[in-house]
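> Not my notes, these are from Swiss-Prot:
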type	residues	note
TRANSMEM	10-30	transmembrane segment
TRANSMEM	51-71	transmembrane segment
TRANSMEM	92-112	transmembrane segment
TRANSMEM	143-163	transmembrane segment
TRANSMEM	195-215	transmembrane segment
TRANSMEM	231-251	transmembrane segment
TRANSMEM	263-283	transmembrane segment
TRANSMEM	316-336	transmembrane segment
TRANSMEM	347-367	transmembrane segment
TRANSMEM	403-423	transmembrane segment
TRANSMEM	446-466	transmembrane segment
TRANSMEM	475-495	transmembrane segment
Amino acid sequence: MKNEKRKSGIEPKVFFPLLIIVGILCWLTVRDLDAANVVINAVFSYVTNVWGWAFEWYMVVMLFSWFWLVFGPYAKKRLGDEKPEFSTASWIFMMFASCTSAAVLFWGSIEIYYYISTPPFGLEPNSTGAKEIGLAYSLFHWGPLPWATYSFLSVAFAYFFFVRKMDVIRPSSTLVPLVGEKHAKGLFSTIVDNFYLVALIFAMGTSLGLATPLVTECMQWLFGIPHTLQLDAIIITCWIILNAICVACGLQKGVRIASDVRSYLSFLMLGWVFIVSGASFIMNYFTDSVGMLLMHLPRMLFYTDAIGKGGFPQGWTVFYWAWWVIYAIQMSIFLARISRGRTVRELCFGMVMGLTASTWILWTVLGSNTLLLMDKNILNIPQLIEQHGVARAIIETWAALPLSTATMWGFFILCFIATVTLINACSYTLAMSTCREVRDGEEPPLLVRIGWSVLVGIIGIVLLALGGLKPIQTAIIAGGCPLFFVNIMVTLSFIKDAKVHWKDK
């Protein structure tokens with residue numbers, strides 16, 4: 001019994017270092033917000049200007065690696081002996097659901113404004129050229145390239161799960177073929193896992209930092225409650241308490257139902273925006289943007305603006321590549337888990353086609369709506385951002401639609417549910433990763449899950465206290481640096497092991 005109890009408890013070598021590192025960083029930030037902002041700006045500038053090229057090359061190499069998987073010797077290899085667990089339609093729907101977080105709703109509604117007001121390639125701000133390239137860049141940042149990267153890592157994790165029958169809850173578990181049993185279970189593995197978990201907890205905190213202002217701004221619009229940092233903190237606290245109640249009372253089925261509601265409501269809300277904002281314009285703008293993407297793709301892939309030094313690729317492309325890198329392992333583990341029984345080619349094609357369609361629909365509909373509101377002078381986005389902040393500007397793009405009250409209620413419910421499910425997923429992932437063995441069908445300890453949800457909430461509040469998008473962007477970029485190397489190691493470990501166990505026939 002003692003042994004069983006010990007096995008299901010926390011794993012000290014990853015739990016305590018993570019807790020200490022995150023605690024110290026939060027304390028130093030809160031202690032002096034002005035000094036923290038200076039450090040944040042310095043870190044952002046250093047990483048994006050000195051190492052931005054590495055992120056761009058990584059994405060390009062992973063794109064070619066995707067083609068190797070799809071057309072290479074492993075294309076017809078099956079990931080597990082069983083038939084696919086889910087139908088193709090359900091599988092794609094689950095992938096779409098994973099794309100409808102509140103953070104995605106945040107960027108989808110406002111990103112195009114930044115691209116138009118500070119465009120790439122030396123274009124004039126707010127010019128026709130800037131508007132033509134605006135959506136094309138969104139399709140680039142949220143299109144086949146990053147999903148190809150995820151599909152490769154998903155194949156790697158599915159291989160370790162279903163072919164090699166490994167119990168993978170942390171990235172170090174996959175590194176035995178690359179570094180050997182001794183290093184994969186020693187100090188090296190502890191360092192790798194802590195890099196992964198520190199980056200992941202800050203990534204989750206940034207998502208919460210993006211989502212919370214949307215909910216509080218909705219509350220201000222609907223109920224007239226002023227949006228303050230204190231209200232943000234109260235909302236985050238309520239989410240944490242709600243998550244704790246769900247976990248303690250065994251209401252995980254309710255959380256899963258809420259996740260399904262989020263997916264259906266996302267379809268409904270996107271369909272509403274598509275119809276009432278101008279379906280014809282949206283389709284024309286999308287078609288034109290795909291052409292712009294294909295025409296400028298080579299330059300977008302390698303654009304660093306080393307001569308012009310306008311800062312666009314550093315502020316956006318490098319930031320988004322770091323965003324994709326930092327979530328890669330968590331998302332790939334989830335996508336691998338739902339892909340049991342599929343071939344390598346099926347998984348790669350299904351992910352790239354299904355997930356690209358999902359993100360392209362989101363960005364096209366929401367971005368086109370924002371552009372139309374700006375062009376028709378219905379909204380003054382720059383003024384809204386300057387006077388009230390980015391979240392208010394996003395809320396106003398939804399409030400400007402017909403049946404504004406019903407629309408805002410729908411958006412409020414969508415953001416609220418998306419954030420509840422985010423915190424639930426955060427606490428579950430972190431608890432699983434910082435505990436010893438948790439057998440199939442078992443849940444990680446309640447107090448550990450609640451503890452991590454509290455810490456994620458604190459990080460979200462700290463980032464909100466710093467103000468603006470730069471702290472959020474810097475947290476992602478700084479976290480993406482160590483995971484950049486972890487992702488490469490997982491990829492190389494898969495390739496090395498597959499050569500032995502998936503011998504060419």
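Numbers run from 1 along the shown chain.
Using the three backbone atoms N, Cα and C, a Cβ is placed for every residue, glycine included.
Quick caveat, the model's predicted, so the values are computed rather than measured.
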> Taking 3+ C-beta pairs under 8 angstroms (sequence gap of 6 or more) as contact, is the transmembrane segment (475-495) in contact with the transmembrane segment (51-71)?
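With 3 or more qualifying Cβ pairs, these stretches touch.
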> Decide whether the stretches the transmembrane segment (143-163) and the transmembrane segment (403-423) have at least 3 CB pairs under 8 angstroms, with pairs required to be 6 or more apart in sequence.
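Between the transmembrane segment (403-423) and the transmembrane segment (143-163), which are separate recorded stretches, there is no contact, as judged by 3 or more close Cβ pairs.
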> With a cut-off of 8 Å between Cβ atoms, can you find at least three pairs linking the transmembrane segment (403-423) to the transmembrane segment (51-71)? Only pairs 6 or more residues apart in sequence count.
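Between the transmembrane segment (51-71) and the transmembrane segment (403-423), which are separate recorded stretches, there is no contact, as judged by 3 or more close Cβ pairs.
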> Relative to the transmembrane segment (92-112), which of 195-215, 316-336, 347-367 accounts for the most Cβ pairs at distances under 8 Å?
347-367
> Please give the sequence-distant neighbours of the transmembrane segment (263-283): residues at least 6 beyond its ends with Cβ less than 8 Å from one of its Cβ atoms.
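Non-local partners: 93, 96-97, 100, 361-362, 364-366, 368-369, 372, 401-402, 407, 410-411, 413-414, 417.
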> Within this structure, do the transmembrane segment (446-466) and the transmembrane segment (316-336) have 3 or more Cβ pairs under 8 angstroms, counting pairs 6 or more apart in sequence?
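Taking Cβ pairs at least 6 residues apart, the transmembrane segment (446-466) and the transmembrane segment (316-336) are not in contact, as fewer than 3 fall under 8 Å.
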> Return the stretch with the most CB pairs under 8 A relative to the transmembrane segment (195-215), choosing among 10-30, 51-71, 347-367, 446-466.
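Highest pair count goes to 446-466.
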> Under an 8 Å Cβ to Cβ limit, what residues of the same chain, 6 or more beyond the ends of the transmembrane segment (446-466), are close to it?
10, 15, 19, 22, 26, 29-30, 33, 36-37, 40, 201-202, 204-206, 208-209, 212-213, 229, 232-233, 236-237, 239-240, 243-244, 247-248, 423-424, 426-428, 430-431, 434-435, 472, 475
> Other than its close neighbours in sequence, what residues sit by the transmembrane segment (347-367), given a CB gap under 8 Å and a spacing of at least six beyond its ends?
66, 69-70, 79, 88, 91-92, 95-96, 99-100, 104-105, 108-109, 111-112, 134-135, 138-139, 142-144, 147-148, 150-152, 154-155, 158, 270, 273-274, 277, 282, 285-286, 289, 335, 339, 397
